[in-house]
Amino acid sequence: WLRDRGRLDEARVVMKKFRGVAKEHPITAEVEAELRHTRHYQSTKKQSLLKNLTKRSSLYPFIIMLAYFFFQQFSGIFVIVYYAVDITSEAGMKMDKFIGAILIGMTRLIGTLLVGYVSKIWGKRKPSIASGAGITIFMGILSIYLYLQEKGYEINDHGFIPAVCIIMYIFMSTIGFLSLPFAMIGEIFPAKVKDVLSGLTTCAAYIFSFITVKTYPSMLHTMGKHGVFFFYTIISFLGTIFVLMFLPETKGKTLHDIDVLFSKKRRQVVEVQIMEKEKIMPMRDMTAA
């Protein structure tokens with residue numbers, strides 16, 4: 001423990017004690033060699049980690065996950081979760097605001113129970129696309145509703161439209177944008193840098209969350225209700241486009257397959273795999289004959 005933290009003088013004293021050597025006795029060549037090996041190992045380990053972090057197979061998924069969490073947070077998902085009581089009344093839901101918050105919580109529970117089943121059948125990419133499209137549609141309808149309401153249009157729906165929009169927004173976000181990025185953290189990064197990049201990604205996600213939750217009241221004051229929800233609509237739409245274009249499917253793939261997916265030599269590896277399959281097929285035909 002001492003040598004791993006660079007406290008070599010203390011490590012020498014302890015190692016002498018365990019070996020029954022007097023403190024004033026010179027350190028043996030064996031002990032010094034072990035300490036030198038440890039210093040070299042620690043230096044090599046740091047260099048190896050840095051080298052692995054700068055590989056395309058590490059940086060590309062890291063950028064993808066950072067972007068996914070950015071769109072997750074700035075689409076307003078956690079804002080609605082944290083400000084559920086206030087938003088139910090601000091959105092025009094004609095019911096007790098605490099009842100509305102309970103409905104939001106129940107919807108999240110149902111969505112959370114379903115997301116495992118959904119991702120098992122359709123993977124991560126398709127539910128993410130469906131989730132992004134869903135939250136864009138329902139948040140867009142809500143922002144238009146609030147805009148018309150603020151312009152003086154009378155909509156005699158008894159708060160039905162905003163209630164449906166909020167509930168469906170929460171449900172669609174839970175089966176995709178809210179849950180799946182956290183699940184993908186454990187799948188998309190190479191094993192050698194997974195601990196570091198997973199921590200950095202999660203840290204960034206909560207920084208994004210802090211920013212969105214902290215800025216919501218000032219945005220509401222500056223932009224108005226319809227303006228805030230329209231902003232979330234735009235971010236949700238951009239997030240859906242991002243998922244459609246860049247998010248890979250990890251279902252049914254091994255860690256090696258995912259690493260190859262993000263590697264520069266992906267085409268070369270695929271060509272080698274095809275050649276190996278072509279070699280195996282004639283051998284099977286000869287065996288069958």
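Just so it is clear, glycine is given a Cβ too, placed from its N, Cα and C backbone atoms.
Summarising the annotation, TrEMBL assigns domain 'Major facilitator superfamily (MFS) profile' to 1-251. Here TrEMBL flags 59-85, 97-117, 129-148, 160-184, 196-216, 228-247 as transmembrane segment.
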The transmembrane segment (97-117) vs the transmembrane segment (160-184): three or more C-beta pairs under 8 Å (separation of 6 or more)? yes
Contact count check, CB pairs under 8 angstroms to the transmembrane segment (228-247), set 129-148, 160-184, 196-216; argmax is 129-148
Are there residues at least 6 beyond the ends of the transmembrane segment (129-148) whose Cβ is under 8 Å from a Cβ of it, and what are they? 71, 75-77, 91-92, 155, 161-162, 164-166, 168-169, 171-173, 175-178, 180, 225-227, 229-230, 232-233, 236-237, 239-240, 243-244
